[in-house]
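According to TrEMBL, the features are:
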| type | residues | note |
| --- | --- | --- |
| ACT_SITE | CYS117 | active site, proton donor |
| BINDING | LYS22, ASN23 | phosphoenolpyruvate binding site |
| BINDING | ARG93, ASP306, ILE328 | UDP-N-acetyl-alpha-D-glucosamine binding site |
| DOMAIN | 7-407 | domain 'Enolpyruvate transferase' |
| MOD_RES | CYS117 | 2-(S-cysteinyl)pyruvic acid O-phosphothioketal |
Amino acid sequence: MQKLVITGGRALRGEVVISGAKNAALPILMASILATEDVQIDNVPALQDVKTSMKLLADLGVNSEQLSLNSYLIHPQQLTNHIASYDLVKTMRASILILGPLLARHRKAQVSLPGGCAIGARPVNLHIEGLREMGAHITVENGYIHAEVEDRLQGATIVMDTVSVTGTENLMMAATLAKGVTTIENAAREPEVVDLAKFLNTLGADIRGAGTDTIKIHGVEKLHGGHYSVQPDRIETGTFLVAALATGGDVTCKNTDPSMLDAVMKKLTEAGAIISKGDDWIRLQAPERPRPVNVITAPHPAFPTDMQAQFCALNAIADGTGWVRETIFENRFMHVPELQRMGANIELEGNTAICKGVAKLEGAQVMCTDLRASASLVIAGLVAEGETTVQRIYHIDRGYETIEKKLTALGAQIERRD
Ligand SMILES: CC(=O)N[C@H]1[C@@H](OP(=O)(O)OP(=O)(O)OC[C@H]2O[C@@H](n3ccc(=O)[nH]c3=O)[C@H](O)[C@@H]2O)O[C@H](CO)[C@@H](O)[C@@H]1O
Ligand SMILES: C=C(OP(=O)(O)O)C(=O)O
């Protein structure tokens with residue numbers, strides 16, 4: 001199994017080009033099967049989850065071509081299978097996003113309950129309930145969701161009990177081809193929902209209000225082809241900014257979008273960073289040692305749960321005590337025991353990690369438990385004295401394109417080994 005070996009202590013300096021957003025690319029790839037003409041998608045990050053998504057599409061009988069590392073041409077004219085098997089979807093949460101498009105386009109879907117990061121129970125009841133409200137017959141048997149609809153799905157008014165990102169996306173995708181108008185209330189406002197809506201509108205969908213808590217979709221009979229470029233990854237951007245701050249560096253993230261990172265930049269500034277930005281770049285200049293910050297995760301536009309592990313690593317070496325409260329997922333502190341192995345002084349009290357910053361972390365052997373936990377361990381390794389070996393990096397490869405190459409270019413000493 002591959003690992004990352006990091007020798008810490010070097011400040012990150014220079015420029016890093018941010019990849020396309022995983023959490024936008026995955027729904028967009030799934031949504032491509034709603035169209036009946038060719039769809040070209042650019043700025044797709046080269047990630048394990050993308051490979052899994054392309055395999056999933058191939059399994060459904062959809063032809064596609066990889067035009068370059070980050071560009072795919074999908075030919076969704078043909079769709080011959082309606083089963084998303086356990087073997088394919090067990091590693092990836094986003095595989096649930098095939099349910100809505102498959103049902104809308106094929107009128108029948110059998111989708112294994114999804115895997116993905118083990119950060120909590122992660123039920124999909126809201127996806128199922130919403131599709132039922134649109135007229136689907138759904139049962140869950142032997143780990144599979146079986147969904148069927150006789151005719152087209154029907155527009156409905158759906159009030160989401162909880163704000164769910166993929167839940168909103170699944171219903172929004174299904175509604176594009178439904179008969180009549182669908183209104184999703186208490187919708188997720190995450191930028192990835194907006195990117196998906198923009199993509200679907202490029203193909204002829206009629207979606208309004210994405211980015212607010214009420215999304216209205218006027219169903220159309222079919223979607224045509226189109227060409228779209230995925231938005232930049234705000235979480236990858238935030239991760240590099242935290243790494244720059246933690247190592248006392250000076251890093252400019254290019255090809256990004258600062259407007260998606262207000263809550264994160266606010267906390268970085270509170271921690272003492274000097275931040276400057278343009279339309280598509282953010283520069284962070286670090287002070288000698290960061291100040292601790294208090295963070296509460298919540299749905300967008302508040303502080304993202306996908307950035308909390310990285311801020312735990314930052315607080316671990318800050319000058320004082322800070323805390324991180326997780327309100328979205330019930331089991332998202334698995335990085336804490338690993339950071340403790342590196343000398344971090346962190347106590348868990350319920351859903352809050354209280355970090356008393358230490359002057360130095362020590363290199364150690366640590367293990368990734370999920371995607372963002374992995375990012376926090378890499379950040380800690382970059383700061384720590386001596387060598388850190390990060391094991392089980394298949395988690396990090398789900399969400400960061402060639403992280404070791406990007407960090408090496410910024411001056412880090414980091415190597416992938418078998
Ligand atoms: C592929 C993708 O885009 N993943 C992101 C997406 O995950 P994902 O879409 O799975 O997360 P949700 O927004 O759905 O989850 C939010 C909360 O709602 C609960 N819930 C969700 C659905 C449901 O049917 N029932 C229910 O109770 C979840 O358990 C969780 O407590 O948003 C999360 C929250 O920003 C991010 O951490 C993930 O990176
Ligand atoms: C939790 C995440 O991913 P997923 O939902 O794909 O497991 C993430 O991107 O941090």
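Cβ from N, Cα, C; glycine included.
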Worksheet item: LYS22, ARG93: which of these binding-site residues has the highest Cβ count within 10 Å of its own Cβ?
Response: LYS22
Worksheet item: Counting other Cβ atoms within 10 Å of each Cβ, which of the binding-site residues ASN23, ASP306, ILE328 scores lowest?
Response: ILE328
Item to complete: Could you tell me which of the binding-site residues ARG93, ASP306, ILE328 have their C-beta within a distance under 6 angstroms of some atom of ligand 2?
Response: ARG93, ASP306
Worksheet item: Reported as an integer number of Å, what is the Cα distance between LYS22 (phosphoenolpyruvate binding site) and ILE328 (UDP-N-acetyl-alpha-D-glucosamine binding site)?
Response: 19
Item to complete: For ASN23 (phosphoenolpyruvate binding site) and ILE328 (UDP-N-acetyl-alpha-D-glucosamine binding site), determine the Cα separation and express it in whole Å.
Response: 17
Worksheet entry | Farthest-apart CA atoms of ARG93, ASP306, ILE328, residues recorded for UDP-N-acetyl-alpha-D-glucosamine, distance in Å | 15
Discussion item. Under a three-state reading of DSSP, tell me whether ARG93 (UDP-N-acetyl-alpha-D-glucosamine binding site) is helix, strand or coil.
Written reply: helix
Worksheet, complete the sentence: Averaging the pLDDT values of the domain 'Enolpyruvate transferase' (7-407) gives 96
Worksheet item: Using DSSP and three states only, what is LYS22 (phosphoenolpyruvate binding site)?
Response: helix
Practice prompt. Return one of helix, strand or coil for ILE328 (UDP-N-acetyl-alpha-D-glucosamine binding site), based on DSSP.
Written response: coil
